[in-house]
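Written out below as structure tokens is the structure these notes cover.
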Amino acid sequence: MASSSSGSGQVPDRRLSRSQTTGSIGDPVNDSELVPSSLLEIAPILRVANEVEPNNPRVAYLCRFYAYEKANRLDPTSSGRGVRQFKTALRQRLEKESDPSLVGKVRESDARLMKSFYQQYYRDYIQARQNVVDKDDRARLTEAYQTATVLFEVLKAVILTNYSSLEVDREILEKHKKVEEKTKIYLPYNILPLDPGSANQAIMQCPEIKAAVIALRDIRGLPWPQDHIHKADVDLLDWLGVMFGFQKDNVSNQREHLILLLANVHVRKCPKPENQPKLDDSALNDVMKKLFKNYKKWCKYLNRKSSLWLPAVPDEVQQRKLLYMGLYLLIWGEAANLRFMPECLCYIYHHMAFELYEMLAGNVNPVTGEYIKPAYGGDDEAFLKKVVTPIYNTIAREAERSKREKSKHSQWRNYDDLNEYFWSVDCFHLGWPMRPDADFFCHPFDSFAEKNNDDGKKLRADRWIGKVNFVEVRSYWHIFRSFDRMWSFFVLALQAMIILAWNGGSPIDILDLNVFKKVLSIFITAAMIKLGKAVLDIILSWKARRSMSFPVKLRYVLKFAFACIWVIILPITYAYMWDTPNGLSKTIRSWFGNGGSQPSLYLVAVVIYETPDGLAFLLFLCPCLRRFLERSNYRIVRLLMWWSQPHLFVGRGLHESTLSLFMYTMFWVILLFTKFAFSYYIEVKPLVGPTKYIMQNPITTSEWLEFFPRDKNNIGVVIALWAPIVLVYFMDAQIWYAIFSTALGGIYGAYRRLGEIRTLGMLRSRFQSLPSAFNARLVPKENTNSRKKGLRASISRKFAQMPAVDKERQAARFAQMWNKIITSFRKEDLISDREMDLLLVPYCANRDLDLIQWPPFLLASKIPIALDMAKDSNGRDRELRKRLEADNYMFAAVRECYASFKSIIKYLVVGKEETNVINNIFEQVEEHIADNKLITDFNMRALPDLYDHFVKLIKHLMENKEEDRGQVVILFQDMHEVVSKDIMEDLPNILEPSYGNSHTGPGVQGLLFASPGAIRFPVPNTEAWREKIKRLYLLLTVKESAMDVPTNLEARRRISFFSNSLFMDMPDAPEVRNMLSFSVLTPYYNEDVLFTLQNLKEPNEDGVSILFYLQKIYPDEWTNFLQRVDCKTEDELREKSELEEELRLWASHRGQTLSRTVRGMMYYRKALELQAFLDMAEDDDLLEGYRAAELMSEEQSEPERLLWRQCQAIADMKFTYVVSCQQYGIHKRIGDPRAQDILKLMTNYPALRVAYIDEVEEHTEDRKREKFYYSSLAKAAISNADGYEGAVQNLDQVIYRIKLPGPAIIGEGKPENQNHAIIFTRGEGLQTIDMNQDNYMEEALKMRNLLQEFLKEHDGLRYPSILGVREHIFTGSVSSLAWFMSNQETSFVTIGQRVLANPLRVRFHYGHPDVFDRVFHLTRGGVSKASRIINLSEDIFAGFNSTLREGSVTHHEYLQVGKGRDVGLNQISLFEAKIANGNGEQILSRDMYRLGHRFDFFRMLSCYYTTVGFYVSTLATVLTVYVFLYGRLYLELSGLEGGLATGRRFIHNKPLQVALASQSFVQLGFLMALPMMMEIGLERGFRTALSEFVLMQLQLASVFFTFSLGTKTHYFGRTLLHGGAEYRGTGRGFVVFHAKFADNYRLYSRSHFVKGIELLILLIIYQIFGQSYRSTSAYIFITISMWFMVGTWLFAPFLFNPSGFEWQKIVDDWTDWNKWITNRGGIGVSPEKSWESWWDREQEHLKYTGKRGVLLEILLASRFFVYQYGLVYHLNITKKTKSVSVYGASWLVILAVLLVMKTVSVGRRRFSANFQLIFRLFKFLIFVTFVSILITLIALPHMTVLDIVVCILAFMPTGWGLLLIAQACRPIVKWAGLWGSVRALARGYEILMGLILFTPIAFLAWFPFMSEFQTRMLFNQAFSRGLQISRVLGGHKKDRSSRSKE
């Protein structure tokens, strides 16, 4: 390296060898983080350059120059990504900083400069910090060692240059040797600094940590490799890493993980530390049992012996257990994507643990004669390369296939398939070492070169094992297959009800023998259903036949065979039940002989047939027996259970306790009884009579060419009549579930004491019991007596009163926690300074006051009122006392004010004589109080004068100025005079205790308080004194009522809920040291971290910025924010640049940003620090106040600092927060502002950890450049070293960097992102939090209570594996849509999940506030599933997996977490589309199938109706409308309805009305409104619930829910039919923008507009052709909800679109839409730019759908031909004929029209340029011909206007149907060369649809009130006002600008 000058700013002697590259490169490189991944080695050098630059720019220059030269060595050709640009920019900076005039003059001075700088740095920053205690000092020392290493490297490069004659001094070399040694020791650490120099850190002093560390460092007897060099403090995991080839960072990570896990369990087992720390054996056993429970279960399942062999020598047992646990964690920590395959990890561990056992046993290899060594051990990264990578590559290949086969899950193996391969003993054929040619690694797309070789091996593609155990075939039949018991039950019940209604009509008629025989026919139906299921099982499992075991295949075959036999036997035996058979029975008997009737034969057959179901019912009644049989691995038991269900590793023993079983069984029995009674009497029975009449009276007249001319029973009419009723019959159980679950949820909520405190008034009335509740719930009990449980305890919960001894201590604890909550409110700007003062209680306990000091907001205005009462009491002492005591808070205020007055006066008065006077006065007062003579003897009218003087005195005490001493003396004298002369006028002698002995006369009194030592003023200004004076001042001076404090609604809600929750049932709080440890994990991709100033201030097209929007939505919080930053206006705020960051934070904490989530989650740490302090602090510390501990400084004593460090250490042990910022490394390198914002978060919250996937380009052994992937964990590095000047350098520090086998994201992104980061989490609990969530300080205080739930058996069966908690949706105030969504979501996460958890026992995992049992889930596949597409709703699969693996999911409502939701219609629709897609995929999944079959019948019903059943019912709701209208279309156009209406007995409107009313119930959102109303009623009062419901309807909630119904139906149906599910990013910003018409059209065209127009046409036809024979009222009642649905589906997006009715916007939208629809598509043209590109993308799902999907699409499209078929016979010109030629002629018309369109299209393309005149003439002739034909038809056959309308209604749907079929048959159409014509026809239809939609909107936009109405409806009132003002101002600005131009 070149060397140059000494002194700053001077230049190296050597110019850069390469010339400067010209071009716009941008600013010079100032950031050491913008380093390309291939040059990572130079990043530390650039960091050091930035660090030293403020002190010595020359050294910084030399560092950068050395970095540049090193970059040239690392990548000489600049071939790496971004290297050339980076080096050019760095070279430009170096040239800019160099000085050409100094070239060649100062070579050796650079070396001297570097030497002196190195020595100075070593002295100042290393030697000075050798004995560190604080962890911040340790971090600074670590950084100093790293910096010194870089400086030496640069020094060496300078000295070793060719021009230098200097050498490195021996002194420097010795220092560097020490630095080098220390650098290896002082590595960046996560939580535990395990290096020798950090043993005195607070966390390392914890006995439990010491015990775990000592146990791990017991390496006696381990066989190390011969060439291995031991390092200091080597431990068991180091040995495992060396022997098995694990990565060093993986070893470090899992070492800390294991130590913390053991320490936290150890401290619970041994709460009292011993002198000699030793790891408790029971703690070790507990962790080992939990860690290996799944592994042992797997071994037992496969009949293999576990590899966990323990030695016979007791002293070695603990070491062996630790080795086994360490090995598992190391495997898990490096397994990457294999973590989703827990049994695969079991397989790997099984072999490696056995190798471990053999190594420790000293076994010898029989072949080589050497000691056993691991198959894959020894080499660096051996485990990753030889074990993980081959399996990962298999996963990656299958995932790659999934991208090509988007719809066909059956064509590739997902994570579950690959994992379930290890559920069979065949997995051991894989071998160990694993055979590369094993079937497991084969895939179907291997190259042709792998044909049969000489050994005759099969192609590897032929050996692809395919799907395992289950095939996810895309089919609607999965709805039936997964829940076949439910559908069979409903079908059989319907059959029985129809038979009963047909044969008498009363349920009692079943006692009639003939009716009973007919009802028994349901068993034949059941047999047929079972046959269908057996066939379906075989068809849908066909592609898993290769991997299927023989017993499973045999079971499928036998099931099918027996089903066939029963389908034959049961009808035959049934035929012989009848004496006089008829119909089918007669036919059967004619086949088998007409013998006598034998009823018993059929009954015997039924008994035999039902025997398996009878046994299942008995096992249902005995859940314990069923659980034992299912869990058993005995072969005889397996054989017995084999017929009922295949033996699988999961899904066994899912049965609940007898009590739970009884509860949910009763729920469903009552519900089903109600449903069937309703269905029978309201739906089925009323239809039977009309059906009989229809079938007995055939209609011979027909108005079209009849399909079935020989049908004598009007079967088409019967189908049209019954179809909607049957659909509603199968759907309405969902409605009954909503009703019953709402009622039950309300009862449960009341039982759990929800809503007892919901207003400030209720809080005031209960506040006196709040301290007791605080201490009972949030403070650990020394003697934990068993608490009362049960109904009585829930209804009336009383807390024990505080013992007098502990009252001060407990009051102090209450004060600390309460004040922490209130100050957090202030920091969040929910309350003002004044409100905070009124809400706080004293931190420092005043021992002089023997009373409870309530917050001033309870006591406000009490003293002035009491003064008035005393003044007007007229000597009635007892009456006054009664009046004071009637108001507890007034009495408390009076007592406290008197006690404080007395305390302050006595403290201030120090003169001997004055003290005697004061004491006499107080003695007299207290005597009179005791005798109840205070008012009788004293004159209270002068009390206000005393009050005024004392208030003035308090003001002087608050200011505490020396110059006010004279005023204070006068005030004392005035007060004394008021007391002596006015109040105590009858007792003058009290003035003269000693003065009277020596002085007389009036001058005596003037001497009081005037002498220099008489009073103490100014007062020593302590925190306790200031607090006392301020509080007293508030009590005395606040005259207005504080009834509305706090005024902020969110603050009220939070404080009310928190107070209420303390009276709910929750576990007792343990001490922080003994609580369960936990982590929080948040996945983050690229959402907002912090809003930028530009984002906040940039207005949208309406002139509304985000900041303006927030100011209007949160006006009080904005005011509080300005007060907090000491600004009066926004302009003043903007002038202070230092407050920009505060402004960004204020806005970001009101959006859905990462910073809001991080702030919320870090409250956990603050809460733990506070609680740890309260647990450990002595009485004096407590009474002194926690704020002193929180604000530790250098001046405070060492014991205080030690206590604070211990609190932090315990918080570190118990809590970890990891944000998985997947692309943080990439963002950092490209300079993305989000990376800087994330770094700010790490700096602000030092305990925050960021995990990310680092993509690095590295050279391989053959010098090729290859991309490698690392899972990295970073924290904030200590900023600029002490003493440096200049800007603080925010840097991160990589703690762990674990290499991955390839890209981490190969499945669904979010679960993969969670999976890579989960290895960095710690503890026994793991809370999964999404980045749109928030947390609150007061809720964080209850976390240790919640974690105790893991230690409780729920229902006496299982410990919970997932703890569910409730959410509060905080986005409800943004808009009306957000409010609807908020209420809907709130009801789901509260009352919905309350019922799911108990009594239904089917709560799963629905999102991210739930807390997972971390150890349970890390051994069972993680906290989500990640297979592409099938696991789109990844969250719920974690719940499925947990339940199937015998976990238990509970729900707890005493703790809540904030959550944001989508706030605009388009956002909400995208979200609901994603959820509907996810549910469509769930139906196909193996998890849903297994739950449907492994749950008992009633729990299966719960599972269905609370998951996919809701979406199936939603689909059925819309299908009901379609079926009804198409049935009416058939009846109207065929003329059958007209014929039937003339019959006298045809009355069938009632059941139809009921059916469609049920449909409307779902459509209008009442299904969701019921639980919503109940929950609001419970928590906020039923009057509020009713008013909110009315308000929601006025704000068009029904429109929103009806529109939402269409979204769910479309995406759910399409997913089931064709696939195409995908993650849809909704965006989480504020919706204050106008969506263009084209955007809405693209989003809703297929889901709503097309379907809406189809229903519109159906309703118009029903209106035209059915008028003459129906009543208007019936028509309106039946069709009104359908007209509402049509209007909603067509126009809701525009109604809910901000500024949707502004004329200028309308004009712009039309221009934009025209441009979009006419633009040509092509490669690279996005769907947003061109209609053609969008149209192609909309058909993408048809590319992957398969033949079944294409056929179904064609079948569904054929419904559009019905219109033409029916309507052509209803034209005026065709009424007299019903010939088929009419229909044929109609097709000729269509062909003619299409031919003319094609001709015009071809002509325009070929002739419009050269033969323009001829072409225009040709078009004119076509037009004339069309008009002539039309006139002829009107004139001759008398065609009417109605005929023209009917023709349009007939032919337009036909064209659309042809389009749909052409799209489905795209390859054939393209081959025929007609695709261009299809596209042109499609464009025409789209234009027509656009016109239909746009015309009404444009018309309404003419009326100004529409825009006003829409704004008021969409946004709250404050924003509506603000928006109008903004527009007006904007208009004025435009006017001014236009005038100035003129």
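Positions of Cβ are set from backbone N, Cα and C atoms, glycine also.
TrEMBL lists 319-435 with the feature domain '1,3-beta-glucan synthase component FKS1-like'.
Under the heading region 'Disordered', TrEMBL lists 1-30.
For the transmembrane segment (486-502), the list of distant contacts is 480, 509-510, 515, 518-519, 521-522, 525-526, 529-530, 676, 679-680, 684-685, 688, 692, 726, 729-730, 733, 1497, 1500-1501, 1504: same-chain residues at least six beyond its ends, Cβ to Cβ under 8 Å. Residues or ranges marked as transmembrane segment in TrEMBL: 486-502 (among others).
Summarising the annotation, TrEMBL assigns transmembrane segment to 556-577 (among others).
Feature annotation from TrEMBL assigns transmembrane segment to 601-625 (among others).
Per TrEMBL, the feature transmembrane segment maps to 661-682 (among others). Beyond the ends of the transmembrane segment (661-682), by six or more residues, the same chain brings 493-494, 497, 500-501, 507, 620, 623, 655, 729, 732-733, 736-737, 740, 744, 1398-1401, 1496, 1498-1499, 1501-1502, 1550-1551, 1554 to within a C-beta distance below 8 angstroms of the stretch.
Here the transmembrane segment (713-730) has Cβ contacts under 8 Å with residues 490, 494, 679, 683-684, 687, 690-691, 694-695, 697-699, 707, 1516, 1519-1520, 1523-1524, 1527-1528, 1530-1531, 1534, 1536, 1540, 1548, 1551-1552, 1554-1556, 1558-1559 of the same chain, all six or more residues outside its ends. For 713-730 (among others), the entry in TrEMBL reads transmembrane segment.
The transmembrane segment annotation in TrEMBL covers 1508-1531 (among others).
According to TrEMBL, the transmembrane segment annotation covers 1552-1573 (among others).
As annotated by TrEMBL, transmembrane segment applies to 1649-1669 (among others). Listed as Cβ neighbours of the transmembrane segment (1649-1669) (distance under 8 Å, sequence separation of 6 or more from its ends, same chain) are residues 1521-1522, 1525-1526, 1528-1529, 1532-1533, 1537-1538, 1541-1542, 1606, 1610, 1641, 1675, 1679, 1682-1683, 1685-1686, 1689-1690, 1763, 1767, 1770, 1842, 1845-1846, 1849, 1852-1853, 1856, 1889, 1892-1893.
Outside the transmembrane segment (1675-1696), and at least 6 residues removed from its termini, the chain residues within Cβ reach (under 8 Å) are 1377, 1464-1466, 1521, 1525, 1549, 1552-1553, 1556, 1559-1560, 1563-1564, 1596, 1598-1600, 1602-1603, 1605-1606, 1635, 1637, 1640, 1643-1644, 1648-1649, 1651-1653, 1655-1656, 1659, 1662, 1666, 1892-1893, 1896-1897, 1910, 1914. TrEMBL lists 1675-1696 (among others) with the feature transmembrane segment.
Long-range contacts of the transmembrane segment (1750-1768) within the same chain, counting only residues at least 6 positions beyond its ends with a Cβ under 8 Å from a Cβ of the stretch, are 704-705, 1526, 1529-1530, 1532-1534, 1617-1618, 1657, 1661, 1742, 1774, 1782-1783, 1785-1786, 1790, 1846-1847, 1849-1851, 1853-1854, 1856-1857, 1860-1861, 1863-1865. According to TrEMBL, the transmembrane segment annotation covers 1750-1768 (among others).
As annotated by TrEMBL, transmembrane segment applies to 1780-1797 (among others).
Counting residues 6+ beyond its ends, the transmembrane segment (1885-1905) has Cβ neighbours under 8 Å at 1637, 1641, 1645, 1649-1650, 1653, 1690-1691, 1694, 1700-1703, 1706, 1710, 1713, 1717, 1731, 1735, 1855-1856, 1859 in the same chain. Per TrEMBL, transmembrane segment is recorded for 1885-1905 (among others).
Within the chain carrying the transmembrane segment (1508-1531), a Cβ under 8 angstroms from the stretch's Cβ atoms is held by residues 479, 483, 716-717, 719-721, 723-724, 727-728, 730-731, 733-734, 1476, 1479-1480, 1482-1483, 1488, 1537, 1540, 1552, 1555-1556, 1559, 1562-1563, 1605-1606, 1608-1609, 1612-1613, 1655, 1658-1659, 1661-1662, 1666, 1682, 1685, 1759, 1762-1763, 1766, all 6 or more beyond its ends. Taken as a whole, the domain '1,3-beta-glucan synthase component FKS1-like' (319-435) shows an average pLDDT of 89 in this prediction. Secondary structure by DSSP for the domain '1,3-beta-glucan synthase component FKS1-like' (319-435): 82 helix, 2 strand, 33 coil.
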